[in-house]
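Listed in TrEMBL for this protein:
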type: DOMAIN; residues: 1-231; note: domain 'ABC transporter'
type: TRANSMEM; residues: 332-353; note: transmembrane segment
type: TRANSMEM; residues: 389-413; note: transmembrane segment
type: TRANSMEM; residues: 433-458; note: transmembrane segment
type: TRANSMEM; residues: 470-495; note: transmembrane segment
type: TRANSMEM; residues: 501-523; note: transmembrane segment
type: TRANSMEM; residues: 623-645; note: transmembrane segment
């Protein structure tokens, strides 16, 4: 078998170079070799994780359906769950038949001798206990093949010894008459530990096999071909020195040739090479070796190990949803911090804008004053209306930020655990994603209310006689939170390998969204290209919907503030002589007044239309359009996230 990958500098790089071998059930096989020789890549190829670039035949000599579990170098244990809870969820997710999960968990705890830490959270377990818990999570499904990558890394000698003995016991404790095969990569074992393994598989620096067999027969095997291990030298250290070219390149090349010749004896072939030895025995032996090695390339290439798992989708979604709720509830630095942030923000918001911010409607009645106070009143009303509109924008932007930031922090961090569980057949991508959507939807429909409702009421937004305005405002803000979550999911899924980049890009998107929301420049005044791009901008539709809910739908006729008056006759309020005096006065900011009047002077002629609606060019139907577009954007983003996640998983596996 060979494994090649594309490289950014050279066209192709060979990681595993034409190796052969076998791993038997009921045995523990240790794979040894120098760093970078392809040990981890070999495990991924055996487990079916790596598919692209794999050449050769990988097969299982049984017709029974086998379960394969892979445990990586790092312990992917969630610190928010106790050991018993983690095993219980694993048992429910991995067991298709009717299993007594409580008995199953207790049996695994006893089998791996981790009963003492069963009710302790994983983050408080020792290094050895964490390794055993990682193994226990896979044993709940009773796998036939257990593959471990560097299980002893970071452990002391005593803990390493205990762990390997535990793995030895697992190979002898068969399930339903099927003994387990354990394959593990080991980094520089001691001589005592080296002799514990049933079989060892040694790889050289160039990704080739130089020995496979029992540890006890390795020294004699090497000596048979002139590679003698010095006396009082640890054989495992010496073979690794040979594999690393420390004793020259000839020895690993020789052992590689011998292993390829022996591997060929396992393959049925009809042709034989015959020589008369007239020119000595060396030449026919050499030619025989070359022909046998070349014959390996004629073997049909077939990659047979392709894991197929059966899932109970409904049960998996239910279990994953419960687990996600528990994890999010116990995440004190995210859930509790979000709650505190929303409460603190609404206190600052109400204190800053005050309870009278939303009282003014921007209708003609607000501008009917005596001529003497016209200038000050006009500026005051205009400023108050702009301030309240800015308050609405702040509520919208904080809702967006709180929703997307929570996803950007959590989703990428879960990817390693998700990939490990998915590869080992715990659940499908669909089950995981649906559970994620359900939990995120629940929190996005509850936590933002801690800020939105008090902000609406505390700033005096109009709803006393028409409660539907309040309901529509809340609904549109919640749709924004769900759309923001969807955007965070799609960015995190696309950049699952780089959480920092996902967080940066997710936050940076606030600038174009806000810039083209219509707040800085009304949508109608934007160039055609930018105006059309705003159809995917959920900030734009949230502003349209919330503003229309408050100021639209005949707000002026429904406004209870003050008696109704006739439309304003601007000529009677300010004459030509008064305007000349205003412009010549040193006590009035004429430029500010003219700017204010240019915004509002032509927009108060319709008694039933708020000046804010006219200024932003909003209409009543925009609220319904905003709701529809927010739903469409949310659905498109969530569906897109699922397909991106599905594609990313396949890409990572390849």
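Cβ coordinates come from backbone N, Cα and C, glycine included.
The stretches the transmembrane segment (332-353) and the transmembrane segment (501-523) do not meet in space: the count of Cβ pairs below 8 angstroms, excluding pairs fewer than 6 apart in sequence, stays at fewer than three.
When each of 389-413, 501-523, 623-645 is checked for Cβ pairs under 8 Å to the transmembrane segment (470-495), 389-413 comes out on top. Within the chain, the transmembrane segment (501-523) has long-range Cβ neighbours (under 8 A, six or more residues past its boundaries) at 393, 397, 400-401, 404-405, 407-409, 411-412, 487-488, 491-492, 494-495, 530-531, 533-534, 537-540, 543-544, 615-617. Distant neighbours of the transmembrane segment (623-645): 429-430, 433, 437, 472, 475-476, 479-480, 482-483, 486-487, 489-490, 493-494, 496, 535-536, 538, 541-542, 544-545, 548-549, 552-553; these residues of the same chain sit at least 6 beyond its ends, with a Cβ under 8 Å from one of its Cβ atoms.
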